[in-house]
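Below is one structure; the comments refer to it alone.
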Amino acid sequence: MSNQQALVIFSGGQDSTTCLIQAIQTYGRENVQAITFQYGQRHAVELERARWIAQDLGIKQTVLDLSLMRQITHNALMDDTAAIETAENGVPNTFVDGRNALFLLYAAIYAKGQGIRHIIAGVCETDFSGYPDCRDVFVKSMNVTLNLAMDYDFQIHTPLMYLTKAQTWALADEMGALDYIREQTHTCYNGIVGGGCRECPSCILRERGLAEYLESKKAV
């Protein structure tokens with residue numbers, strides 16, 4: 001697929017870094033770009049990690065400012081004074097209404113301008129945190145909407161959609177990137193790189209998946 005280009009929605013976290021490395025191996029480094037969004041997230045370290053990884057992997061990164069979201073919605077992911085909690089409906093208060101819809105929209109606008117048709121997102125509904133915009137049905141509906149809105153044949157890829165966190169770690173290992181992702185990526189809601197705080201929902205999910213994968217690997 002070296003004659004095609006891909007745009008990866010990139011946060012510097014485990015999932016999007018896994019997708020970025022896979023895209024490099026699939027499309028070729030020279031055919032891959034990353035797009036990152038500054039939307040008022042709790043910790044600047046997320047943007048710093050994304051910038052560092054993109055540079056380290058030799059990938060062109062574009063950062064877009066979507067901080068206006070703070071004017072119209074409030075949640076714990078954009079307020080570092082708020083405690084992270086899960087509502088009765090099972091959705092954590094770190095869920096940002098409309099975030100992935102906006103990410104896909106702006107990624108598509110950018111991609112079309114660059115002549116890119118393949119958009120890659122690291123969303124997953126198997127081990128997801130209860131976020132409705134991580135579901136496959138949402139991504140497929142956005143793909144149709146964007147194609148109609150821009151009269152352009154986008155193909156949104158979600159390679160992690162049906163993988164558990166353990167399987168995502170296995171994929172990283174298959175690509176020779178397990179240690180890189182383990183040590184360099186940022187997933188923690190409390191702003192701790194690598195191993196994280198081990199207490200927030202994101203860290204718990206990440207560490208549980210890693211432990212499960214390493215245990216299964218040991219048993220082989």
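Placement of Cβ uses the backbone N, Cα and C atoms for every residue, glycine included.
These features come from Swiss-Prot:
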BINDING   F10, S11, G12, G13, Q14, D15, S16, T17, T18, C19, L20  ATP binding site
BINDING   C188, C197, C200, C203  Zn(2+) binding site
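Apart from the site residues C188, C197, C200, C203, the chain places the Cβ of T187, Y189, N190, I192, G196, R198, E199, S202, I204 no farther than 8 Å from the centroid of the site's Cβ atoms, the recorded Zn(2+) location. Within the set of binding-site residues G12, Q14, T18, the entry lying nearest in space to C203 (Zn(2+) binding site) is Q14 (CA atoms). Fewest other C-beta atoms within 10 Å: among the binding-site residues L20, C188, C197, C200, C203, that description fits C197. Here the C-alpha separation of G12 (ATP binding site) and C188 (Zn(2+) binding site) works out to 11 Å. The binding-site residues recorded for this entry are C188, C197, C200, and the Cα of C188 lies nearest to that of Q14 (ATP binding site). Distance from the CA of S16 (ATP binding site) to the CA of C197 (Zn(2+) binding site) is 20 Å. Distance from the CA of C188 (Zn(2+) binding site) to the CA of S16 (ATP binding site) is 14 Å. Residues near T18 (ATP binding site) in space but far in sequence (CB under 8 A, at least 6 apart, same chain), listed by position: G122, L160, T168, L171, A172, M175, A177, I181. The ATP site is set by F10, S11, G12, G13, Q14, D15, S16, T17, T18, C19, L20; from the centre of their CB atoms, other residues of the chain with a CB within 8 Å are V8, I53, G122, T185.
When secondary structure is read from DSSP and collapsed to three states, Q14 (ATP binding site) falls in the helix class.
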